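See below for the structure under consideration.
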Amino acid sequence: QVAAASGHTVVLVDQSDEILKKSTKGIEESLKRVTKKKFADKPEAGAEFIKKTLKNLTTSTDAASVVHSTDLVIEAIVENLEVKNELFKRLDKFAPEHTIFASNTSSLQITKMANATTRQDRFGGLHFFNPVPMMKLVEVIKTPMTSQKTFESLVDFSKAVGKSPVSCKDTPGFIVNRLLVPYMMEAVRLFERGDASKEDIDVAMKLGAGYPMGPFELLDYVGLDTSKYIIDGWHSLEPNNPLFAPSPLLNKLVEEKKLGKKTGEGFYKY
């Protein structure tokens, strides 16, 4: 959406036409919300903006067949290294030599994905934040093999879609999640020890630190399964790091399929 809205030609690829129809509809709805704010007193200009943006967007279920004419591939599929590597390996065969590959992963190593291809120097991370149309940040990740030219292209692209890029090495969680996930886990441990209620911890962080959501609200919003997946991955990389220690309570909730907002219950009921 943000790429198409800033004048880029985009092909959105997913597994079925059904998913793509739903995605296109979602983008249309999102654009309507954007134009309500952006073109509040100019409805004709707003309608024109939506029309122009959607014109820049086509869809496909076959990534290999569309990649031959792209300059940049951004992958945002399931957080599973094997599945991602399989996709990158396949696209590497069909993409032109100049094409840059980027992953939107929040927790996996970019270097491991780059190594699945023959374009390690044209591979980096572009980590966008949810919801992307609203959030201004993009983390641009440079692996030891990413060329300076590739890195600069990724920074330029981030600016061209209206975002503020920050740069980070290929380290677990990059900047935001590396600080945010241990903070959320520490909140769970505080609650597990019985030191404070989850409600009071949430209120304290909102009113005392100015955060828009407390840590338990945020965990429920992100998804407890996603949070557990991230912390488990980091724990296996650095088993002696106390910041990455798993939480019995988080594990129990995930086991009970209480995954947060998306299932109607996590730390809170919805």
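Glycine residues also receive a Cβ, built from the backbone N, Cα and C atoms like all the rest.
TrEMBL does not curate its annotations; it predicts them automatically.
For 1-171, the entry in TrEMBL reads domain '3-hydroxyacyl-CoA dehydrogenase NAD binding'. Feature annotation from TrEMBL assigns CoA binding site to Ser30, Lys37, Ser106. Residues annotated as site 'Important for catalytic activity' in TrEMBL: His127. Per TrEMBL, the feature domain '3-hydroxyacyl-CoA dehydrogenase C-terminal' maps to 173-270.
With respect to their backbone Cα atoms, Lys37 (CoA binding site) and His127 (site 'Important for catalytic activity') stand 26 Å from each other. Ranking the recorded positions Lys37, His127 by the number of CB atoms within 10 A of their own CB puts His127 at the top.
For the pair formed by Ser30 (CoA binding site) and His127 (site 'Important for catalytic activity'), distance between Cα atoms is given as 20 Å, rounded to the nearest Å. With every protein chain in view, the residue among the binding-site residues Ser30, Ser106 whose Cβ has the most Cβ partners within 10 Å turns out to be Ser106. DSSP states for the domain '3-hydroxyacyl-CoA dehydrogenase C-terminal' (173-270), grouped as helix (H, G, I), strand (E, B) and coil, give 65 helix, 3 strand, 30 coil.
Of all residue pairs in Ser30, Lys37, Ser106, the annotated binders of CoA, the farthest apart have Cα atoms separated by 29 Å.
Distance between Cα atoms for Ser106 (CoA binding site) and His127 (site 'Important for catalytic activity'): 6 Å, as a whole number. If you take every residue in the domain '3-hydroxyacyl-CoA dehydrogenase C-terminal' (173-270) and average the pLDDT, you get 97.
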